[in-house]
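Engineer: Dropping the structure in here first, questions after.
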Amino acid sequence: MKSLQFCFLFCCWKAICCNSCELTNITITVEKEECNFCISINTTWCAGYCYTRDLVYKDPARPNIQKTCTFKELVYETVKVPGCAHHADSLYTYPVATECHCGKCDSDSTDCTVRGLGPSYCSFSEMKE
């Protein structure tokens with residue numbers, strides 16, 4: 001019985017104390033207006049859960065900052081979008097996460113909305129792989 005209680009407490013501790021915010025492979029759609037179509041590329045980004053809470057009593061002296069799984073460090077990679085006009089810039093630079101953590105969402109560099117456009121959004125009807 002004690003081992004069962006220990007196992008239960010260990011699982012609770014693991015769920016509360018250990019975040020599962022980690023690097024994951026995703027496919028994003030990139031587009032250039034000058035090229036009139038989208039391409040899909042594979043990249044790395046952060047995904048997972050972070051410990052957070054929403055207080056019932058809102059204390060103005062203590063700001064309520066919700067933590068989200070976001071990048072700690074990233075690099076930029078560039079891909080050439082095929083089929084662009086000769087006068088157009090066919091290079092597209094996109095971020096690749098190299099390290100993740102649970103922290104405040106930085107709206108200067110990240111879409112912090114509840115429902116953004118999503119990684120597969122394309123404003124053109126033609127999509128190339």
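Yeah, the Cβs are placed from backbone N, Cα and C, and that goes for glycine too.
Okay, so Swiss-Prot annotates it like this:
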DISULFID  C21-C69  disulfide bond
DISULFID  C35-C84  disulfide bond
DISULFID  C38-C122  disulfide bond
DISULFID  C46-C100  disulfide bond
DISULFID  C50-C102  disulfide bond
DISULFID  C105-C112  disulfide bond
CARBOHYD  N25  N-linked glycosylation site
CARBOHYD  N42  N-linked glycosylation site
SIGNAL    1-20  signal peptide
Engineer: Among C38, N42, C46, C69, these being the recorded positions, pick the one whose CA is nearest to that of C84 (disulfide bond).
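Structural biologist: The smallest Cα gap between C84 (disulfide bond) and any of the recorded positions is with C38.
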Engineer: Give the distance between the Cα atoms of C112 (disulfide bond) and C69 (disulfide bond), rounded to the nearest whole Å.
Structural biologist: 11
Engineer: How many Å separate the Cα atoms of C21 (disulfide bond) and C100 (disulfide bond)?
Structural biologist: 6
Engineer: Given the recorded positions C38, N42, C69, which lie close to C102 (disulfide bond), meaning Cα to Cα within 10 A?
Structural biologist: C69
Engineer: Of N25, C35, C38, C69, C105, C122, which recorded positions are close to C46 (disulfide bond), meaning a Cα within 10 Å of its Cα?
Structural biologist: N25, C69
Engineer: Could you check which of these recorded positions, C35, N42, C50, C100, C105, sit within 10 Å of C69 (disulfide bond), going Cα to Cα?
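Structural biologist: Of C35, N42, C50, C100, C105, within range: C50, C100, C105.
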Engineer: Measuring CA to CA, name the entry from the recorded positions N25, C50, C100, C105 that ends up nearest C38 (disulfide bond).
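Structural biologist: That would be N25, nearest by Cα distance.
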Engineer: Suppose we draw a 10 Å sphere around the Cβ of C38 (disulfide bond). How many other Cβ atoms does it contain, all chains included?
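Structural biologist: Step by step: centre on the Cβ of C38 (disulfide bond), count other Cβ atoms within 10 Å, giving 21.
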Engineer: May I ask which of the recorded positions N25, C35, N42, C105, C122 is closest to C50 (disulfide bond) if we compare their C-alpha atoms?
Structural biologist: C105
Engineer: So if I draw a 10 Å sphere around the Cβ of C84 (disulfide bond), how many other Cβ atoms end up inside it?
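Structural biologist: Total other Cβ atoms inside 10 Å, all chains included: 18.
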Engineer: Of C102, C122, which of the disulfide-bonded residues has the most Cβ neighbours inside 10 Å?
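Structural biologist: Answer returned by the neighbour count: C102.
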Engineer: Spatially, which candidate from the recorded positions N25, C35, N42, C122 is nearest to C105 (disulfide bond), comparing Cα atoms?
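Structural biologist: Nearest by Cα distance to C105 (disulfide bond): N25.
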